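Novice: The structure under discussion is supplied below as C-alpha cells; questions concerning it will follow.
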Amino acid sequence: MNLSNFIKICHLLYDRKYVVGSGGNVSIKNKNLIYITPTGSILGFLNEEDICVADIEGNILKGKPTSELNMHLKIYQNKESINAIVHTHSMYCTAFSALDKKLELLTPEAEIFIKKIAYVDYFPCGSLELAENVSACVEDSIILKNHGIVTLGKDITEAYVKTEVLEEIAQLNYIMNNLGE
C-alpha cells in the first residue's frame, strides 16, 4: 500500500504545530487493515517504514502502535464509512476544552466540513473508556476534555482538513472572545 499521503499529512500536522513532540496519532483503514503511527513517534519525522499495521480486531501485524490503538479500532468498528482518523493536541482546541468552553462554527468552512462538534469528558489516554466514549459520538469532529481533538474522514485528506478547520475556528473564537464585549 502506498503510504506517501499518510506521511505527508503526518508531516503537515507537525509542521503546522497541531502536534508537538510525540503527541498525536494518525491512522487509515484499508479493507481489514489499519495503518497507524507508532508509539512515541514524532509525526514530523516519520517514514513509511515506521508505520505500524494491525487488523480490525486489534491483532498487531507490524511494529508497536500508539497507545491510542483501541480508540482507532473502536471508531473503525463502529463507523464503517470512516477510513481515516487524526488525533492531535492542537493548542487552541485543547485550551477551550480545558475551560469547558464550546466553539461556535464561525466560518463557511466550519459549516461545510465540521457541521457539529462532539465533546467528550476526560478519560485517561489510551484507556478503554476514552475509546468507547469517542467511538460512540455521531459527529466526525470531537473535542476531548484536556486532551485535544479527533477528526474522522472517508480518507486522510478529509480528516486532516477537519483538523485544520477545527483549530482555525478555535483561534477565531479566541480572537472574538478577546476583541468582543
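Quick reminder: no glycine exception, Cβ is built from N, Cα and C everywhere.
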Novice: According to Swiss-Prot, His87, His89, His147 bind Zn(2+); which one of Glu68, Glu109, Glu129 is listed for that same site?
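Specialist: Among Glu68, Glu109, Glu129, only Glu68 appears alongside His87, His89, His147 as Zn(2+)-binding in Swiss-Prot.
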Novice: At the Cα level, what's the spacing in Å between His87 (Zn(2+) binding site) and Gly40 (substrate binding site), rounded?
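Specialist: On Cα coordinates alone, these residues lie 14 Å apart.
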Novice: Check His87 (Zn(2+) binding site) against DSSP and tell me helix, strand or coil, would you?
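Specialist: In the DSSP reduction, His87 (Zn(2+) binding site) maps to strand.
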Novice: Grab the substrate binding residues from the record (Gly24, Asn25, Thr39, Gly40, Thr66, Ser67) and give me their largest CA-CA distance in Å.
Specialist: 10
Novice: What same-chain residues, at least 6 away in sequence, bring their CB to under 8 Å of the CB of Gly40 (substrate binding site)?
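Specialist: Once residues fewer than 6 apart are set aside, Gly40 (substrate binding site) is near Ser22.
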Novice: Using a Cβ-Cβ cut-off under 8 angstroms and a sequence gap of six or more, which residues of the chain neighbour His89 (Zn(2+) binding site)?
Specialist: Tyr18, Val19, Val20, Gly23, Gly24, His147, Gly148
